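Participant: Quick paste of what Swiss-Prot says about this protein:
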BINDING   C30, C213, H238, E242  Zn(2+) binding site
MOTIF     32-42  motif ''HIGH' region'
MOTIF     270-274  motif ''KMSKS' region'
BINDING   K273  ATP binding site
Amino acid sequence: MQPFVLYNSEQRKKVEFVPRKEGHIDMYVCGMTVYDYCHIGHARVMVAFDYIIRFLRSQGWKVRYIRNITDIDDKIIKRANENGETIQQLTTRFIDAMNEDAANLGCLAPDEAPKATEYIDQMQNMIGNLVNKGAAYPASNGDVYFEVTKFEKYGRLSGRKLDDMQAGASERIDVEVEKKHPFDFVLWKHAKENEPSWASPWGNGRPGWHIECSAMSTCCLGNHFDIHGGGSDLMFPHHENEIAQSEASTGEQYVNYWMHVGFINVDGEKMSKSLGNFFTIRDVMEKFHPEVIRYFIVSSHYRSPVNFSDVALKEAKTSLTRFYHSFKAYQQVYGQTTTEALDQSFIERFNNAMCDDFNTAEAMAVLFELNKELNRAVKEEQADQATVLYSTLRHLTNILGLVQHNVDDFLKSDIGQDALALSDAEIEDFIQQRVDAKKAKDFAKADSIRQSLLEQGVVLEDTRQGTVWRRAD
């Protein structure tokens, strides 16, 4: 189990990870508010924590991964009313869609996926504790607010100071006369007509957004756990508020390490519905294989902002297809033969990259070099070395959740390649014509077939076992 460093958003630097319990990592990631289909920003968060967890488990860590579901929220209520359906009908439909999208992207299911509506009692207990400690107060309108001035460390995650902040800095914050301070945030919302509500000591109502994650995370992982993650947009106010209410309630440190995934931009601007540059995962999957989307996400460091475009996805498809071509070239000669003997130099370099704040950009550079060596070994008919390199590459791509599909199925799919002019069957037919031409000593025809295929993006390689082919990179 190799030590690793990660960027802790709270400390604003990379630090060595020290577990609370030897060999174990407890991780909570903020999930989706299920009122619509997941967008490509959600995909990045899902995929990033998926490959992080896959890598940690490959290193021997026992990771407990919790990702919540917000199934009660203003947007959910509004959308259900617009659609003329119940909240449960709406949320069930979009939870199913979310899980389907995640599976298509190759994401493993979390160990638990708690729903907010299943933890109302625990939320009320935490709110009651905060009121009793004087950190929260009921307002005359039936709401209950957290009093930010009672938590001295408020702002430590985002680096903000209350005195410097202005009300309205976030779309999640409303200036209301019931508040003692503009940044006091709601823990319990009083019931409104035709909205779902639960009985509470403060009257009928429903929980605020921030208290949901504090209650679910501490119920699932305890008052103090290792890693909390989410998108960069959640750092303030959501994660800041989680820290305040959790630590004010329990008196313990809430989380040791905070991880935040970078934004996805479109033409240099943050993706958003208001700008009209918003893409759901399903929108993108109509044009690109889901593993191409995963590759696009994996190929950049999780903290770096990335620019989303068709061009970027086409580049991702080209790069991913190289691995599939290499696997096909190997399998044409050696079948599915693998070995437990792996190339430790490539393993070490890959692990070193991933242990440096999960640097997938550097890890992918290692895989491309390994892929090049595999192609060389296959071409030079070095069977033993080819098998070791193939086995190593398969092992490492598995860790990142890449090259997970049947090679022929991926390469034949319309979204796996640009509907290339020649099908696999047509290529095989041309190869047989070339073999027949060589047997007839018609070398001019054989060379012509090779050149014609090359011009159509197909490379032939003659080996002792026969002719193998691959599509050009």
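Along the chain as shown, the residues are counted starting at 1.
Here the Cβ of each residue, glycine as well, is placed from N, Cα and C on the backbone.
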Participant: DSSP says what for the motif ''HIGH' region' (32-42): how many helix, strand, coil residues?
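Facilitator: DSSP classes over the motif ''HIGH' region' (32-42) add up to 3 helix, 2 strand, 6 coil.
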Participant: Count the other Cβ atoms sitting within 10 Å of the Cβ of C30 (Zn(2+) binding site), across every protein chain shown.
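Facilitator: For C30 (Zn(2+) binding site), the count of other Cβ atoms within 10 Å is 21.
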Participant: Please identify, from the binding-site residues C213, H238, E242, the residue with the sparsest Cβ neighbourhood, meaning fewest other Cβ atoms within 10 angstroms.
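Facilitator: Counting other Cβ atoms within 10 Å of each of the binding-site residues C213, H238, E242 gives the minimum at H238.
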Participant: Excluding C30, C213, H238, E242, please set out which residues of the same chain place their CB within 8 Å of the center of the CB atoms of the Zn(2+) site, keeping sequence order.
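Facilitator: Once C30, C213, H238, E242 are set aside, the remaining close residues are W209, H210, E212, S214, S217, H228, G230, L234, H239, N241.
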Participant: Could you tell me the mean pLDDT over the motif ''KMSKS' region' (270-274), as a whole number?
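Facilitator: Over the motif ''KMSKS' region' (270-274), the predicted model scores a mean pLDDT of 74.
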